[in-house]
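Accompanying notes for the structure given below.
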Amino acid sequence: MKLIVGLGNPGREYELTRHNIGFMAIDELAKRWNISLNEQKFKGVFGAGFVNGEKVILLKPLTYMNLSGESIRPLMDYYKIDVEDFVVLYDDLDIPVGKLRLRMKGSAGGHNGVKSTISHLGTQEFQRIRMGIDRPKNGMKVVDYVLGRFTSEEIPGVNHSIEKAADACEEWLNKPFLQIMNTFNS
């Protein structure tokens with residue numbers, strides 16, 4: 001069984017913001033794999049299905065970004081999901097829009113949703129797909145930037161990174177994460 005989590009904030013006002021690109025990737029996977037995100041439990045919304053013979057759970061924590069681990073850990077405990085069968089998708093300011101970086105482990109890098117996940121799992125050693133949102137320009141505050149919507153110029157790159165993140169998740173169902181890192185980080 002695999003768990004794929006996209007980080008974001010709940011509520012319509014955050015729907016298409018930069019900080020919610022992880023949620024957008026989960027929506028893409030749900031559409032691709034015909035998985036309904038209709039279960040509400042573990043402080044999140046999730047759905048399960050079978051993809052290429054593998055049971056997959058897709059989760060969007062509804063805790064607000066900074067408390068994401070409060071949703072992830074109880075679901076992992078309930079379904080007895082090992083950390084190596086878990087991947088998290090989230091926004092990253094240090095990566096250009098349209099680009100991805102896959103990592104096997106690491107620090108939170110200033111991302112509060114990842115910080116919460118590390119805190120609740122008790123380890124930094126989990127797989128992640130970092131989706132580029134770039135840095136704010138013209139002195140804009142980071143909080144205003146990540147909670148802002150993508151510009152029309154950014155949308156093609158955003159759609160590309162959502163597609164590539166979904167492709168990476170799909171390959172991960174049948175290949176080691178290290179192998180797909182080599183493919184998608186190049």
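Glycine residues also receive a Cβ, built from the backbone N, Cα and C atoms like all the rest.
Site annotation (Swiss-Prot, ligand tRNA) includes Tyr14, Tyr64, Asn66; from Asn112, Asn138, Asn159, the additional listed residue is Asn112. Taking the Cβ of His19 (active site, proton acceptor) as centre and 10 Å as the limit, one finds 22 other Cβ atoms among all the protein chains shown. Taking the Cα atom of each, Asn112 (tRNA binding site) and Asp91 (site 'Stabilizes the basic form of H active site to accept a proton') are about 11 angstrom apart. The maximum pairwise C-alpha distance among Tyr14, Tyr64, Asn66, Asn112, the residues recorded as binding tRNA, is 16 Å. Under 8 Å, Cβ to Cβ, and six or more positions away along its own chain, Tyr64 (tRNA binding site) finds Asn9, Pro10.
In the three-state DSSP scheme, Asp91 (site 'Stabilizes the basic form of H active site to accept a proton') falls into the strand class.
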